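Chemist: Sharing a structure with you now.
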């Protein structure tokens, strides 16, 4: 019937928000949703305008920058009264906002399901997202080029469950050029072909943190069973287990058990196994025993195709209209000389600024809209030592205080902020950061980073400190 779509539009804000939030969660991912959207609530102000009330100004600003536009698109597509959402923090709105939302914002959070980090792909799309996979990273979305053709062929062979496969497979190459995309694509395709198979995807950092938590909670047997019962294990950023013997020992035992049982293992790292000097020889030997596939930096033609494909994907989501002009794509590629991931970030920035005007946009207009995103050249390399000195100066401390054993609050919190910034602004692993903070254990660094991540959405002062320090360090 012609009127069926209109009849399905809703007027009850609670039902609209429940549906819109569910879709938004799927698009932006579990982490950002849980940090910034789930703690917020939709309320009506004195004039009757609907407002998303966030707990802090930092969360409000994040929503405005990253989610409000898409949130309103989803809302308007469902609301029979064509209302729009505004966003304000709790201090601006007044009294605390009781949540009107239902399951979308208040269920299935990481806290409610702490073991989602090793959720099997076979448990369905919702569990897949909780496990860290991204819907858009499929084989269809991957752009093939000379530097990744071999890795792509092996990835497709692995995902097909073909007999006579190489085991393990190790994808190696610089940051941001497609290794994570291929791991995601393998997981999605393997699940599609064998819905009942147990396919696990996780990063090495998640492996490390989940293992540490299992040891602390005396749940190591459950942790081992969860991983060793997999039909396929996909492990990203293997280099981050470097420097921690107990974690490497557990990973080695897991890989040995899976490979001996004929299960499939695919891993990725920033360099070939033989060059990973932080990894112990026995584990390094296992990593190198299978097939190593290089994923090399994309050339100009591949980057142009990536930019074009990303705009097409954003168009299907209704975020842009029309096709970008060739000269706009060329400028994006020529002035974003870094990784494919950085190029996609520039595309997203341009799409958010241009919106429905994309097809009309000239190269000069694109340059103005992108601003800092198209300055050209890689970002300045930031060191741990520089972060420590900047944080110490900001809090009127000495750099030695951050490295000391002192645990008073006046030192402990700046130290945690410094550790958080090291994780965000450098490529150092948790063990490596720990060594640079007076020889601390990687679990101390992990706890510090998590603590700041948890506090930022709820504590404006912490958020302002981190934002100020980040600006100083990036110049």
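Each residue, glycine too, has its Cβ placed from N, Cα and C.
Keep in mind that TrEMBL annotations are predicted by a computer and have not been checked by a curator.
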Chemist: Among 98-117, 118-137, where does TrEMBL put the label region 'Disordered'?
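Modeler: Matching range for region 'Disordered': 98-117.
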Chemist: Whose Cβ lies within 8 Å of the mean position of the Cβ atoms of 176, 178, 179, 180, the ATP site, other than those residues?
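Modeler: So the extra residues in range turn out to be 173, 175, 177, 181, 182, 268, 295, 339, 340, 341.
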Chemist: Show which residues of the chain containing residue 178 (ATP binding site), separated from it by at least 6 in sequence, have their CB under 8 Å from its CB.
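Modeler: Long-range Cβ contacts: 142, 148, 151, 295, 298, 340.
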